Amino acid sequence: MFRSMLVRSSSSAKQAVIRRSFSSGSVPERKVAILGAAGGIGQPLALLMKLNPLVSSLSLYDIANTPGVAADVGHINTRSEVVGYMGDDNLAKALEGADLVIIPAGVPRKPGMTRDDLFNINAGIVKNLCTAIAKYCPHALINMISNPVNSTVPIAAEIFKKAGMYDEKKLFGVTTLDVVRAKTFYAGKANVPVAEVNVPVIGGHAGVTILPLFSQATPQANLSSDVLTALTKRTQDGGTEVVEAKAGKGSATLSMAYAGALFADACLKGLNGVPDVIECSYVQSTITELPFFASKVRLGKNGVEEVLDLGPLSDFEKEGLEALKPELKSSIEKGVKFANQ
Ligand SMILES: NC(=O)c1ccc[n+]([C@@H]2O[C@H](COP(=O)([O-])OP(=O)(O)OC[C@H]3O[C@@H](n4cnc5c(N)ncnc54)[C@H](O)[C@@H]3O)[C@@H](O)[C@H]2O)c1
Ligand SMILES: O=C(O)C[C@H](O)C(=O)O
């Protein structure tokens, strides 16, 4: 996977410089912390980050079971050192010096639940973890995976504001799994090689707030409106499809770890000065009237360098955009209210 990640922008001269620095050993030191590292997402994500040559130090934090995960992953003969930290008392050490913190801590859905049903438990977990981040690694980029992402990102922003260190360029809701799904489903219907497919996904990360822009998909394909409607619905329901298939044993973990590793890799490339790193993410935004919105984002040395505008939408997508706004607005407000109570 990481070979292909590196190859993606291999045409640029800058990438060649970065590659040369790998071989001379001068690629920057980067500490990545995973909070919730012993969980269903955390473990495969720890594995994938251990395989990433951009990582020099991998810090695995959870409330339980991290010594085993760290010992296991730590035997892999790749660049990063691995340290496991368990329990509140060790959270400071897990975070200190982190350049990137990835948060998959919290409970997953069971069949019949919405992501918002996780709010009561996960909001508190995210609040505590973000309070510690503000104290121990206030300059780190944050990749928020814990659901409901539409609310947990605004919670993190409010906690960081209260701590006086909020930098909107550094806070990301991870929506990469929606893009991964949209690419897979589109390739199947369009009969094009999946590795060549690009599909932006905008809005948020729950049900109708997930809006894939198949009108901008490449390679282009002449799909009927029925097929495009079905593809949109399948992308919006992708998480539920996995939750139901797992029948009470959790939600997407392996595809999420893959998506989380892709997004983290993009953030590290941005930090390292690789040009033209663009991914979709749920960030503070002014491209609609909503204060947080997922769209294409250019990543750079300080995190978000530019929130790209939406580009031309089909009539179907314009309707989808208007339809998602009330739910996304209320999820954002719920997060803001929780963080300030
Ligand atoms: N953004 C996305 O696209 C996406 C995709 C899949 C899952 N998710 C979400 O990711 C979260 C985790 O899913 P999972 O399947 O890995 O769940 P899981 O239950 O398998 O793992 C969660 C881990 O978090 C840990 N944890 C709980 N409280 C913690 C705390 N205070 N500090 C540190 N760790 C803590 C648990 O011990 C556990 O190991 C869920 O909220 C799920 O809905 C998001
Ligand atoms: O669906 C879920 O609850 C998990 C995650 O948000 C997903 O999209 O797979």
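Note that the numbers count up from 1, one per residue, in the order the chain is shown.
Cβ from N, Cα, C; glycine included.
Small disclaimer: the values here were computed from a predicted structure and weren't measured.
The annotation in TrEMBL ties GLY36, ALA37, ALA38, GLY39, GLY40, ILE41, GLY42, ASP62, ILE145, SER146, ASN147, MET256 to NAD(+), and of the candidates under consideration, ASN90, ASN120, ASN122, ASN222, the one tied to the same site is ASN122.
With GLY36, ALA37, ALA38, GLY39, GLY40, ILE41, GLY42, ASP62, ASN122, ILE145, SER146, ASN147, MET256 listed as the residues that bind NAD(+), the site has a largest C-alpha separation of 18 Å. According to DSSP, MET256 (NAD(+) binding site) sits within a helical segment. Note on ALA38 (NAD(+) binding site): other Cβ atoms within 10 Å of its Cβ, all shown chains, come to 22. Following the DSSP three-state reduction, the secondary structure of ARG181 (substrate binding site) is helix.
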